[in-house]
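See below for the structure under consideration.
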Amino acid sequence: MEDAAWTALTWLEASVGLLALALALAMRPWRLLVGGALLTPTLATLVLLPWLWLMPQNLPQGLALQFSGAPLVLLLLGWPLAVPVLALVALLVGLLGEAPLPELLSQWFWMGLVPATLALAVGAGLRRWLPPNIFIYTLGRAFLGTALAVFVAGVGFELIHHALGQQNLQHALVARWIMAWGDAFLTGLIASVFVAFAPQWLATWSDARYLQPPPKLPAKKPPTQPGP
């Protein structure tokens with residue numbers, strides 16, 4: 001993200017990002033805030049995540065550490081609300097930091113929109129092909145799903161920018177792999193805690209789906225007594 005110029009790639013990121021934002025807003029995500037259950041995680045995201053996204057600006061030049069947090073925001077808020085909230089996070093990063101607009105746009109696209117959308121796809125696949133279970137949600141969707149979404153998004157970024165001659169691809173992919181597991185660990189841990197103590201803060205969680213009682217076995221018929 002070193003190039004601050006408005007390149008063709010920047011315009012492409014802006015176009016796709018605006019389409020996704022328009023789609024999310026068309027779903028009227030503010031309705032999810034009615035009742036106040038998701039207000040706390042929304043405000044927490046806006047307060048905490050900008051500082052984590054500011055880390056690359058405050059570290060020495062080179063391959064900077066980057067924390068996405070987008071899959072966790074997706075689990076907390078759902079995709080329609082997560083997309084505009086992540087856009088606000090990028091806006092706050094611009095106000096608090098010194099990065100130029102093209103860099104902020106690229107950061108929102110590759111650290112926010114893309115991993116959140118990939119995490120949505122992973123969740124849809126798990127719901128489609130695996131049985132409803134609390135461990136499918138915490139380990140599959142929150143932990144492994146986050147690692148996959150963040151790593152694939154990072155690979156996409158590095159492949160495109162490596163093609164532009166901006167990074168050493170091999171070192172960048174190793175770093176992306178390691179950082180994806182950091183995202184996965186925090187997301188899995190926080191999601192597990194919220195499932196146990198504050199499930200109302202997880203828009204993607206459902207007690208009715210993931211806490212279903214095991215199916216009852218058919219009652220055994222008593223053995224028939226032989227006749228006289």
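Cβ coordinates are placed from backbone N, Cα and C, and glycine is handled just like the others.
Annotation source TrEMBL lists transmembrane segment at 6-25 (among others). Residues 79-84, 87, 102, 105-106, 108-110, 113, 117, 160, 164 of the same chain sit 6 or more residues outside the transmembrane segment (6-25) yet have a Cβ under 8 Å from a Cβ within it.
As annotated by TrEMBL, transmembrane segment applies to 32-53 (among others).
The transmembrane segment annotation in TrEMBL covers 73-96 (among others). Cβ atoms under 8 Å from those of the transmembrane segment (73-96) belong to residues 17, 20-21, 23-25, 27-30, 32-33, 38, 41-42, 45-46, 49-51, 53-54, 104-105, 107-108, 112-113, 116-117, 119-120, 123, 141-142, 187, 191, 194, 201-205 of the same chain, restricted to positions at least 6 beyond its ends.
The transmembrane segment annotation in TrEMBL covers 108-128 (among others).
Long-range contacts of the transmembrane segment (134-157) within its own chain (CB-CB distance under 8 A, at least 6 residues past either end) are made by residues 68, 70-72, 75, 106, 110-111, 114-116, 118-119, 122-123, 126, 173, 176-177, 179-181, 183-185, 187-188, 191-192, 195, 204-205, 210-211. Residues or ranges marked as transmembrane segment by TrEMBL: 134-157 (among others).
Below 8 angstroms of C-beta separation, residues 37-38, 40-41, 65-69, 71-72, 75-76, 134, 137-139, 141-144, 146-148, 150-151, 154 of the same chain, each at least six residues beyond the ends of the transmembrane segment (178-202), sit close to that stretch. If you look up TrEMBL, you'll see 178-202 (among others) marked as transmembrane segment.
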